[in-house]
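Look at TrEMBL and you will find 7-31, 37-58, 78-98, 110-132 tagged as transmembrane segment. Feature annotation from TrEMBL assigns domain 'TRAM' to 294-355.
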Amino acid sequence: MLKKVIITISFFLGITVGTLSTSALIYYNIFTSMSETMLRIIVTIGTTVFFVLMSLLFSDRFVAMLKRIEDRLSRTPIQKIVFTTIGLILGLLLASLLSSGVDVIAGAGIMGRIISAVIYIVFGYLGLVLGYRREGEFLNILTAFKFGNKPKEKEPKVKTKKVVAKVVDTSALIDSRIQDVAKTGFLEGKIIVPEFVLKELQLISDSEDPLKRAKGRLGLDCVEHLQKMKEIDLEIDNKYNYNEHKGVDNLLIDYALKYKCAIITTDYNLNKLATLQSIKVLNVNDLSNAVKPMLTTGEKLEVQVLREGKENNQGVAYTEDGTMIVVENGKRAVGKTVEVEVQSVLQTSSGRIIFTRIV
């Protein structure tokens, strides 16, 4: 739609430029061998075709640039935009006053126009930069002198940590523990679910494999529940342009780098990949492990050995919170409840493993 608008504007711009150019050519008696009507037709058609061709060639880049500007402006505080605009206007007004003096001194010739143009560019730029960078100071001045109040004493600066938006991975939505974390209020800032994550959940939920289908539907239900929660600010991002041929992990990395987001995931490989690119990762498994009760070496507990382990004579049990317990020589105790002693604890991003032996 925007591309069509640009082409239409280029068409009428070409006609306008052609008409003005023809008037200038006639005024300065250029191409006197040609009739005015023919000259108008040729020049107007030529400029129109030129502008339309340029719009066809560069409209995609122009649209992409406009979208980047729109995205940047949407993430910029409104007061910064207002003070930047005011700074630009004040800079141009000052340039106008100085330019009037230049016209008197240097005259209205080419040199005077060049100097005036330079003045407008310099002061416009200075006003723009000062308004953008010093908006906080200008706001303080306006606040201090509002209604004739005296300026307040300078308060000590309090260092505040910027709240970073967080983009959610498919694995974290399928895991669903993010709902419990969200209820506690620990998740600050905007929580973003990109369109490509929803598409992957939809594909999984349409799978012929019953287990995958159940996981996909669980992830979609999780998104629905998060949308209804008042404790978090959830956004479904349908505007992000992405390459459908890229994997979801790579798309999440690109998204996080572009918008400076953190990633919420339970995927070990994505965790490592994001960390290598200096992206902040919130791993739900790490949070879960952090709040689990600690078991120290030598501590004793009773467990039910459920199955054989991978190594010879090993048995496997689980705590109430799902932590795996490897029981040395526990093969003979499968199906029984035994007392074990903790020998060591292995901590990983995918979970915690407790190694024990039967007492």
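Just so you know, glycine gets a Cβ as well, placed from its N, Cα and C.
Where the annotation comes from TrEMBL, it is an automatic prediction and has not been curated.
Note that this is a predicted model, so its numbers are computed, not measured.
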The transmembrane segment (78-98) in contact with the transmembrane segment (110-132), cutoff 8 A, at least 3 CB pairs, sep 6+: yes
Long-range neighbours of the transmembrane segment (7-31), counting only residues six or more past its ends (CB under 8 A): 39-40, 43-52, 54-56, 59
Averaged pLDDT score, the domain 'TRAM' (294-355): 85
DSSP-derived helix, strand and coil totals, residue by residue, for the domain 'TRAM' (294-355): 3 helix, 33 strand, 26 coil
